[in-house]
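**Student:** Taken from TrEMBL, the feature disulfide bond applies to Cys67-Cys88, Cys111-Cys148, Cys190-Cys212, Cys243-Cys270, Cys283-Cys324. Positions annotated as domain 'Corticotropin-releasing factor binding protein N-terminal' by TrEMBL: 59-184. Sequence annotations record features per position, and here TrEMBL assigns domain 'Corticotropin-releasing factor binding protein C-terminal' to 192-313. The feature signal peptide is assigned by TrEMBL to 1-26.
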Amino acid sequence: MAPALSSHLLPPLLLLFLAALEGGQSRYFEVRDEGAAGEEEPFLLLNAELKRELSEGQQMYRRALRCIDMLSIEGQFTFTAEQPQLHCATFFIGDPQEFIMIDFDFVNIDCQAGDFLKVFDGWILKGEKFPSSLDHPLPTSDRYIDFCEAGHIRSTIRSSQNVAMVFFQIHDPGNGFTLTIRKKPNLFPCNVISQTPTGRFTMVIPHQHRNCSFSIIYPVVIKISDLMLGHLNGLHLMPSAGCGGVGDFVELLGGNGLDPSKMFPLADLCHSFHGPAQMKIGCDNTVLRMVSSGKHINRVTFEYHQLDEHELENRKENSIEEFCLSSV
C-alpha cells in the first residue's frame, strides 16, 4: 500500500478526491458541463501487493463500482443504480507504459429519460483536461464516445495514454452497466499521469511532431539527469521566456489544476546536456512537457519525489514555489 501522507502534505488536487468520497462530489467535481468525477480510496488501488496477487490468480477480479471511483487494476466492474445517480464518474489509470482498454459487456440505461454514458480519452477535473487539447492527437470532440448518440459503444475502446474515464448519469434504480478493463503495452508513452509521488522515467519522441506531458500531482523535487535534443549542446536552464524559436525543447510547468496548457511556465531547457539539473516545485501539479518538431529523436530522463516537510520548510536556491505556495 502507498505510504500514508499527512493531510497538510496532500495537494488540493488529491484532497478533492478525498472530499468526493465523503459525499461532496457534486460540489467539487465537474465533468464537461454536466458531470462529476473523483477517486475511491486515493491510491489504495495502486497497491503493488494487490496487483501481484491478481496477476498470479486465474480468475478475473470483479467488484461493484461506486458513483465516484478510481481503478488501476484489470477486471470486470459493474455499476447498478440504487437511486438516481446524476453526477458519476470512474477514473482509470495504468502504469506509464500502458494503454487502458475498455470493453462494455452490458449496458442498460434509458437515454430518453436523460441517462447518459460517455467515455473520455483522458481525464477531466473541474473542467480541465489531461492531456490538454494542445498535446492530444485527437480533436477534443473525437475524445468523447457517447453511448446515447451512437446507440452503442464499439466493442473495445483504447485510450491514447495511461488514463481514461467514464462518466454517466442514471435515473432509474436497477439500471446500469458492466465493463471490463485491460491494459496493453505502450512502447512510446507520451502523455502520462504518475500513479505515485516518487519515480523515474525516460520519455522518448522518435521523429514525431508531437508534444508530450508527464504530470505529477504532488509538490516535488524533480531532477533531470539526461536530455538529448536534436540541436546544440550545453545546459541552459532559465526562467521560462521561450527557447527563441527552437523547435525541440523541454519545459517545466506548475499549477493547481490538471490542464498543462493552463499551468504556469517555470523553466525551459533548450539544449542537450548530461548531468543533473534539479528543481523544487511546490505546486499541486508539476508537469514536464517535451515539444518535438519531428525532425529528431528527442529523449529526456528524470526522477522525482514528493517534497517532504523538511524540504517544504527549507526552500532555497534553484527552487520555484512562490507561484503555488499558498496551496501547498
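Cβ from N, Cα, C; glycine included.
Can you tell me where each of these features sits in the structure?
**Tutor:** Other Cβ atoms within 10 Å of the Cβ of Cys67 (disulfide bond) number 22 in total over all chains.
Within 10 Å of the Cβ of Cys111 (disulfide bond) there are 13 other Cβ atoms, across all protein chains.
Long-range neighbours of Cys212 (disulfide bond) (same chain, six or more residues apart, CB within less than 8 Å of its CB): Asp135, Cys190, Asn191, Val192, Met203, Ile205, Arg289, Met290, Ser292.
Of all Cβ atoms in the shown protein chains, 20 besides its own fall within 10 Å of the Cβ of Cys243 (disulfide bond).
The Cβ of Cys283 (disulfide bond) has 28 other Cβ atoms within 10 Å, all protein chains considered.
Across the domain 'Corticotropin-releasing factor binding protein C-terminal' (192-313), mean pLDDT in this model comes to 86.
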**Student:** Measure from the CA atom of Cys270 (disulfide bond) to the CA atom of Cys283 (disulfide bond) and give the result in Å, rounded to a whole number.
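**Tutor:** That separation, Cα to Cα, works out to 23 Å.
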**Student:** Determine the minimum-neighbour residue: among Cys88, Cys148, Cys190, Cys270, listed as disulfide-bonded residues, which Cβ has the fewest other Cβ atoms within 10 angstroms?
**Tutor:** Cys148
**Student:** What's the CA to CA span in angstrom from Cys67 (disulfide bond) over to Cys111 (disulfide bond)?
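**Tutor:** A Cα-Cα distance of 18 Å.
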**Student:** Which of these disulfide-bonded residues is closest to Cys148 (disulfide bond) if you go by CA atoms: Cys88, Cys243, Cys270?
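**Tutor:** Ranked by Cα distance from Cys148 (disulfide bond), first place goes to Cys88.
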